[in-house]
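The structure appears right after this line, and notes come after that.
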Amino acid sequence: MSDQKINILAIESSCDDTAAAVLCNGKILSNIVATQKVHEQYGGVVPELASRAHQQNIVPVIHQALAKANIDKKDVSAIAFTRGPGLMGSLLVGTSFAKSLSMGLNIPLIEINHMQAHILAHFIEEDDFEKPTFPFLAMTISGGHTQIVKVTDYFKMEVIGETIDDAVGEAFDKSAKILGLPYPGGPLIDKYAQEGDPKAFKFPKPKVDGLNFSFSGFKTAVLYFVQRETKNDPEFVEKNLKDICASIQYTIIGILIDKLKKAVKETGITQVAIAGGVSANSGIRQALKDAEQKWGWKCFVPKFEYTTDNAAMIGIAGYHKYLKKDFADFSVTAQSRYKF
């Protein structure tokens with residue numbers, strides 16, 4: 001098997017990024033992402049517009065990925081694609097295209113769970129990229145998900161904690177919207193937080209049993225705080241923006257780290273990885289570095305290009321499924337809610 005070249009063409013279309021990548025034996029040859037700017041004016045992703053943009057982008061993105069990898073279609077060993085979770089209209093574009101390409105080239109089709117792929121991005125073959133060993137804990141943090149996952153093998157994953165309402169990415173974005181920041185607001189909160197005082201304002205941490213999370217009450221607390229303060233001073237947010245952002249970020253990261261500490265204590269697993277769009281946040285990255293020093297954890301943080309939606313992570317998941325000959329048939333359908 002080691003001498004065989006396994007070229008995986010991967011397709012990702014779960015939300016508003018159209019992405020394609022080519023991996024050879026787990027190493028990235030190309031990783032192309034077409035980001036849809038159309039949603040910014042609406043303050044969030046519009047599913048119908050996302051689906052239409054995927055239809056326009058998918059062919060050129062795949063052509064780019066193959067060209068950059070210097071791979072011909074006939075050299076592709078299998079097609080891996082995101083089956084879910086995500087927006088149904090977006091998923092259907094990638095699923096239909098992957099099935100058609102697989103059928104036309106007469107090569108295997110591999111269906112991938114988007115959230116598993118975020119975790120498996122830690123196993124992309126790169127010389128300077130240390131990988132976790134099994135078992136480890138993975139915290140998936142994004143606009144749609146907040147989970148703590150116990151990972152005992154590539155596809156043996158158990159969700160041991162998750163949000164009971166809103167995801168952490170939504171807490172960042174909605175807080176930003178309340179502050180009058182443009183979409184996507186999460187990265188802007190991170191940017192302003194770096195120059196603010198994280199203890200300037202105090203926000204409540206929701207009390208949730210076990211390893212589960214809740215962020216809906218936190219968003220409400222931010223809203224009421226801003227409404228109350230701007231009533232007294234209409235320019236309050238403008239004057240205190242950096243401190244407010246720092247305090248919001250400090251509280252959210254505190255919620256995440258508290259639950260991770262509890263998960264480490266309950267499982268005895270001290271290897272901890274983060275995955276998903278919010279893992280690009282500088283505060284959570286620093287908090288994990290601090291955790292290594294304070295509590296002796298071994299922490300794994302993905303490269304920035306693998307935090308947001310990308311096809312490289314779909315490709316590495318596809319590669320490990322290919323090794324197991326775990327292929328899908330052509331009756332496979334997209335699933336907007338797809339638990340693992």
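Including glycine, each Cβ sits where the backbone N, Cα and C put it.
What you are looking at is a predicted structure, and each value in this text was computed from that prediction instead of being measured.
According to Swiss-Prot, the residue from ASN31, ASN57, ASN281 that belongs to the substrate site alongside THR140, ILE141, SER142, GLY143, GLY144, ASP173, GLY186, ASP190 is ASN281. Just one of ASP258, ASP290, ASP309 is listed by Swiss-Prot for the same Fe cation site as HIS114, HIS118, and that one is ASP309. With the fewest other Cβ atoms inside 10 Å of its Cβ, the least crowded of the binding-site residues GLY144, GLY186 in this structure is GLY144.
Apart from the site residues HIS114, HIS118, ASP309, the chain places the Cβ of GLU12, SER14, THR82, MET115, ALA117, SER142, GLY276, ASN310, MET313, ILE314 no farther than 8 Å from the centroid of the site's Cβ atoms, the recorded Fe cation location. Proximity to ASN281 (substrate binding site), defined by a C-alpha to C-alpha distance within 10 angstroms, is shown by none of the binding-site residues HIS114, HIS118, ASP309. Site extent for substrate: among the recorded binding residues THR140, ILE141, SER142, GLY143, GLY144, ASP173, GLY186, ASP190, ASN281, the largest C-alpha separation is 18 Å. Each residue contributes its Cα atom, and for HIS114 (Fe cation binding site) and THR140 (substrate binding site) those atoms are 11 Å apart.
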